[in-house]
Amino acid sequence: MAQKENAYPWPYGRQTAQPGLNTLPQRVLRKEPVTPSALVLMSRSNAQPTAAPGQKVVENSSGTPNIPKRSFTIDDFEIGRPLGKGKFGNVYLAREKKSHFIVALKVLFKSQIEKEGVEHQLRREIEIQAHLQHPNILRLYNYFYDRRRIYLILEYAPRGELYKELQKSRTFDEQRTATIMEELADALTYCHAKKVIHRDIKPENLLLGLRGELKIADFGWSVHAPSLRRKTMCGTLDYLPPEMIEGRTHNEKVDLWCIGVLCYELLVGNPPFESASHNETYRRIVKVDLKFPPSVPLGAQDFIYKLLKHNPSERLPLAQVSAHPWVRTHSRRVLPPSAPQSVP
């Protein structure tokens, strides 16, 4: 069977992207830079734009010239060292042979995905991530597949997982934590404007770019929900909000809870409700049994308290996350350079 691109690897009906805001949040002054090599990766498709993820991302109306289209195969890439291993496959450093563009190539085994029954989760991850363009969201440039494997062409984040850096340093200081909070709030504002809830924000799902800038990855648990209301249990135990544990309908405010949990973990070194048993963790989350060690500054405590509210409607809105005095005082966010206007 020949390798294909831009048709889903399983017999699901195709869906078009739901309409959303095309502008980025106000604090992001420009889109993530698009290099000529990235344009090549994004534009190779066999169908019309706006159909399925992986198809033409950059429109001709933006001033970029037409690029000849053809499908990718594994032979288009030089495969380098492994970047990570998972239950369903591996991620490799790779280089596209013609453009020499460096990417992360995620190689997934169909047999494992089918065995675990997560075809829909993967399809959702591809469909959502392919339509997101923000400096703090890991890009999915394209994908293709063959009889045994599915290949996702992802942006390469040179500094790897935030989780690994946290393990090395044990905790982060105020400046680094506040910077991550601003980056995360900006990226989630963009996602929520497009009716996308991530639902699984945690250090393992956050990568770091060359300058240490945050990159949200792993949209496997995320959902494109036009109503922004769901009732599915998902996410990571220590990061689950009360409404999900209690089986209540939830909305985009679950991501606000996750920001609060993440901020605590970065400053303290462990999640706020971590306990010896799952039941005890559940109990502490539902009661919002929040305790701070003396090392956490009062400004950070106030920030976390305002996010970790049992009632979702009382949580600090995303717009106020970046505007919180503690974040404004300590954040040192660096925006990416301007994107090129056209391909030479």
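Note that Cβ sites are derived from N, Cα and C of the backbone, with glycine treated the same way.
The active site, proton acceptor annotation in Swiss-Prot covers ASP200.
According to DSSP, LYS87 (ATP binding site) is assigned to coil rather than to any helix or strand. Other Cβ atoms within 10 Å of the Cβ of LYS87 (ATP binding site), summed over all protein chains shown, number 11. The ATP binding site annotation in Swiss-Prot covers LEU83, GLY84, LYS85, GLY86, LYS87, PHE88, GLY89, ASN90, VAL91, LYS106 and rests on sequence analysis.
Swiss-Prot lists 77-327 with the feature domain 'Protein kinase', giving sequence analysis as the kind of evidence.
Annotated phosphothreonine per Swiss-Prot: THR35 (among others), in sequence order, evidence recorded as similarity to another entry.
According to Swiss-Prot, the phosphoserine annotation covers SER62 (among others), on the basis of similarity to another entry.
Residues or ranges marked as phosphothreonine in Swiss-Prot: THR64 (among others).
As annotated by Swiss-Prot, N6-acetyllysine applies to LYS215, with the evidence given as similarity to another entry. On its own chain, LYS215 (N6-acetyllysine) has ASN136, ILE137, LEU138, GLU155, ALA157, LEU206, LEU207, LEU208, GLY209 as residues at least 6 apart in sequence with a Cβ closer than 8 Å to its own Cβ. In the three-state DSSP assignment, the secondary structure recorded for LYS215 (N6-acetyllysine) is strand.
The phosphoserine annotation in Swiss-Prot covers SER227 (among others).
The phosphothreonine annotation in Swiss-Prot covers THR232 (among others), and the record cites similarity to another entry as its basis.
For 46-65, the entry in Swiss-Prot reads region 'Disordered'.
Excluding LEU83, GLY84, LYS85, GLY86, LYS87, PHE88, GLY89, ASN90, VAL91, LYS106 themselves, the residues of that chain whose CB lies within 8 A of the CB mean position for the ATP site are, in sequence, PRO82, VAL107, LEU108. Note: the Cα of ASP200 (active site, proton acceptor) and the Cα of GLY89 (ATP binding site) are spaced 20 Å from each other.
Binding residues for ATP (LEU83, GLY84, LYS85, GLY86, LYS87, PHE88, GLY89, ASN90, VAL91, LYS106) extend across at most 14 Å, taking the greatest CA-CA distance. The Cβ of LYS85 has fewer other Cβ atoms within 10 Å than any other of the recorded positions LEU83, LYS85, GLY89, VAL91, ASP200.
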